[in-house]
Amino acid sequence: MEFMAGSSQGRPFIPIWRISQTLKQTGFHAETPEVCMLLKCQTPDLETCGEPVGSAFTKFEDSLSGTFGTSYVFPQIVLSGSQLAPERHCEVDYIFWLNTQQEANPVLRASSLDTFIAAVYEHAVILPNATLVPVSPEEALAVMNRNLDLLEGAVTSASKEGAHIIVTPEDGIYGFNFTRESIYPYLEDIPDPQVNWIPCNNPDRFGHTPVQQRLSCLAKDNSIYIVANIGDKKSCNASDPQCPPDGRYQYNTDVVFDSKGKLVARYHKQNLFLNEDQFNAPKEPEVVTFNTTFGKFGIFTCFDILFHDPAVTLVRDSRVDTILFPTAWMNVLPHLSAIEFHSAWAMGMRVNFLASNLHYPLKKMTGSGIYAPDSPRAFHYDMKTEEGKLLLAQLDSHPHPTPVVNWTSYASGVEAHSVGNQEFTGIIFFDEFTFLELKEIGGNYTVCQRDLCCHLSYKMSEKRSDEVYALGAFDGLHTVEGSYYLQICTLLKCKTTDLHTCGDSVETASTRFEMFSLSGTFGTQYVFPEVLLSEIQLAPGEFQVSNDGRLFSLKPTSGPVLTVTLFGRLYEKDSAPNTLLDLTTQALRYL
C-alpha cells in the first residue's frame, strides 16, 4: 500500500478522514471479510486507531490496493465531516484482484468510471512574426506564452464543465513553417515519463523548461489531464552514426500531464509530413500508452493516422480504449476532410477518438471532434470565422466491443453486370478512379478496378437535372504527399454536370438520398466508412456498417449528400518513399 501526504495547494480537496476497500467472500456457509484501509486514528495514541472520528485536516494523494481473493471489492472514500468525496477529485484508480485460490491466478480489472467527459480545443494559433530566421529564446517564449494564454482559457473552461481530459492541437503553441534552425529556440528537453516528474513542483530538474512547467501547473491547478504538442531536443554525437550534422535530434512531440501535473506520456511523431524538415523521425515507431481511471489511452499525431505504425498497433496490439490526436490537418475533399476521415477511423477501428485541429482557414485547417466507435459525439467545422472552439462530450471509458466486420463477405456474392462502355475515368487527389454515372433516381450499380469491385444500391429523393452523382472505384498506390496503398469505393457528387469534374472538390449539394447501401471486395480488414453531407457536415446516427461489410443508411439523409465512401488501406502494399518521388511531390505542392 502506498500513500503520499501533500498540501495540494490550489486543489479543491477536502481532508480525507478514511479511505477503505472492503471485501466479502461469500459462500453457502460463511462470510469472510477482507479489508485494506487507510484511516485517521482518533488521537496520536495508536490504540485509538479504528475508533470513530468525525473530522481531520490532512490531505492525501496516490493510491490504495490489495491482493484480494475475490472479484467482489467495494471501494469507500469518506472525508472530514462524514462527507463523500466528489467524483472528479477522489477517484478510485485501477484495482487489480489476484485470486490466489485458483491455479490460473486470473487478474481481474475494474475502473472507477464507466464514462468520462472529454474535451478538445480547436485553437486559432498565434503565429510568430518570422518563422524562417532564428529568434532569441525570450522572443520564442513570448510567442508560446501568448498561445498558452488562450489554451489556459480553454483548459479552465473545460475543467469547470467537468472534463477529465482535454486535447490541444499539433503546432498549437508555436505555429508552423519553420526551418531546422528557426524552430530550435522553441524546443525544450522533454524527459522520459519514467523519471516521475511534476514540472510544476520541480521546474528546473531537467534544465530550463518553462512551457512544460506551465502545462503541468495548468493540469494540476485544474485537476485535469492535458494533452499538448511541443518540440523536444536531444543531443547526440559522432558515436551515433545517425546523429544529424548539428549534433541534435529534434522531434515533433506530444506530451500528457495528469491531473496532478505529472508528465505521464511523451510521443515523438513517426510519420512526418513533407514540409516538416525541422524535425527528425524516431529511429523506431513509438507505441505510447497510459492508464487512467477512465480507460487506457494511446496517442499519435496528424499524418500518423494514414499509416500502420503506431496507429493500428495501438488499437490492435495495445488495445487502447481512446486515441488522443493532436493535428494540424489541411482538409482535402472529397475523402480527407478532418471530421470526415477522423470519425471514419474511429468507427473502422472501433475506438474512441479525440481529434484537436488547428483553426487556420487560410490553409484549410479546421475540423475537430469527439468520436465514439458508433457515432460522432461532437464535431466542429468552420471556414468562416477566425475563432477557436471548445468541444465537450461524454464517452464510455471502455467502448463496448463490436463484431469484426468481414468487409468482402457481401460484395463477393454480388454478380457484376456488364455496363458496356459507360465507364469513365476521373481524378481524385491525383489518383485515377474508374466511375459510373448514376443516371436513374434509384438502382443497383457495380464498378470495378483491378481486384476491387464496388456495389451500390440507392434511391434519391429526386433526380435533379443540375446535379450528377457517380460511383467510383480505386485500387492502387497513392504517390502524392506520401506513399500508401488504397482501395476506395465511393458515391460522390460531381462538381458540375460535366463528367470530367467527378472527383473535384465539392462543398455543397442539393440531392438527398432515401437510402443507400455500399460495399466492396476489399483485400483488407482496415476499411473506414465515411458519410459527408452538404456544407461539410457529418450524419450521426443515420448510417451503420453490417457484419458482412455493407455501409447502409438507417433513414433518409438529413441533408444533401456529398459523398458516401468506404476508404480502405492495404498497409502491406505500401512502398518506401524515394528521392525521385519526394522531388516530384514537392514540385506538385508549389504548382
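Glycine is no exception: its Cβ is also placed from the backbone N, Cα and C atoms.
Annotation source TrEMBL lists active site, proton acceptor at Glu170. Marked as active site, proton donor by TrEMBL: Lys269. The feature active site, nucleophile is assigned by TrEMBL to Cys302. The domain 'CN hydrolase' annotation in TrEMBL covers 121-397.
Between the C-alpha atoms of Glu170 (active site, proton acceptor) and the residue listed as 'active site, nucleophile', the distance comes to 8 Å. Looking at the residue listed as 'active site, proton donor' and Cys302 (active site, nucleophile), their Cα atoms lie 9 Å from each other. Same-chain residues at least 6 positions away in sequence with a Cβ under 8 Å from that of Cys302 (active site, nucleophile) are, in sequence order, Glu170, Lys269, Phe273, Phe325, Pro326, Thr327, Ala328, Trp329. Averaged over the domain 'CN hydrolase' (121-397), the predicted model has a pLDDT of 97.
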